[in-house]
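S.K.: Quick one: the structure is below, questions incoming.
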Amino acid sequence: MNNIWWQTKGQGNVHLVLLHGWGLNAEVWRCIDEELSSHFTLHLVDLPGFGRSRGFGALSLADMAEVVLRQAPDKAIWLGWSLGGLVASQIALTHPERVLALVTVASSPCFSARDEWPGIKPDVLAGFQQQLSDDFQRTVERFLALQTMGTETARQDARALKKTVLALPMPEVDVLNGGLEILKTVDLRQPLQNVPMPFLRLYGYLDGLVPRKVVPMLDKLWPHSESYIFAKAAHAPFISHPDEFCHLLVALKQRV
């Protein structure tokens, strides 16, 4: 049974697990890990098949969540960015006793556009899947460029993401494909109505992958949750607005 790459930093009395997004790895958190590890016991994770967590093929969302849980602390705040938000949400649904609070960042319970639901057009996701087999490095780079588009610091934010990707070997194509399949098919809108723990949802106003129109829709669907929109951020608010981002998490810690 393979273990995933897992790094623990800091001595805080509350555990915080950070789960990265599609195509990336835990190096994406280096812009905030020093600050967060001064407040939390921080856990940095490479999701199965990504970064240093080699030896995994494409997994379903449920299987990915179970693999991550095997090495996790008994109880933690779980924070997931983008695809990682679905993994953290799945853990909150299946093992609520392990989750002090759930935080999703630039994430949607249903990334794919549906009837009366804004999201990524299914043919765009299918196009990414098709292009992966042709030129997967270029496809990943295009996806990263989408994530920072529109922000004042778009160029340097995109460079930071690209550096994260290139710092480690690229994931296998089937792992990348499996991640896109999760983004294309999973819909947790209804299940997440009933999660019992504090639930904080963070968004970028300029996000091209998770449209801000979903925010009031989810405020209504999940009245027990809280939402916050970074006015000048896109898909990676922790890179463009690290201080504001960390401040929100430290404030959440006081409430759990």
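Cβ atoms here come from the backbone N, Cα and C positions, even for glycine.
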S.K.: Of TRP5, TRP6, TRP22, which does Swiss-Prot put in the substrate site with SER82, LEU83, PHE143, LEU144, ALA145, LEU146, GLN147, HIS235?
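M.R.: Substrate site check in Swiss-Prot: besides SER82, LEU83, PHE143, LEU144, ALA145, LEU146, GLN147, HIS235, the record includes TRP22 out of TRP5, TRP6, TRP22.
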S.K.: Do me a favour and check the Cα-Cα span between SER82 (active site, nucleophile) and LEU144 (substrate binding site); whole Å is fine.
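M.R.: Each residue's Cα considered, SER82 (active site, nucleophile) and LEU144 (substrate binding site) end up 12 Å apart.
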S.K.: Provide, as an integer number of angstrom, the distance between the C-alpha atoms of TRP22 (substrate binding site) and ASP207 (active site).
M.R.: 15
S.K.: Please compute the mean pLDDT of the model over the domain 'AB hydrolase-1' (15-242).
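M.R.: Here the mean pLDDT over the domain 'AB hydrolase-1' (15-242) amounts to 95.
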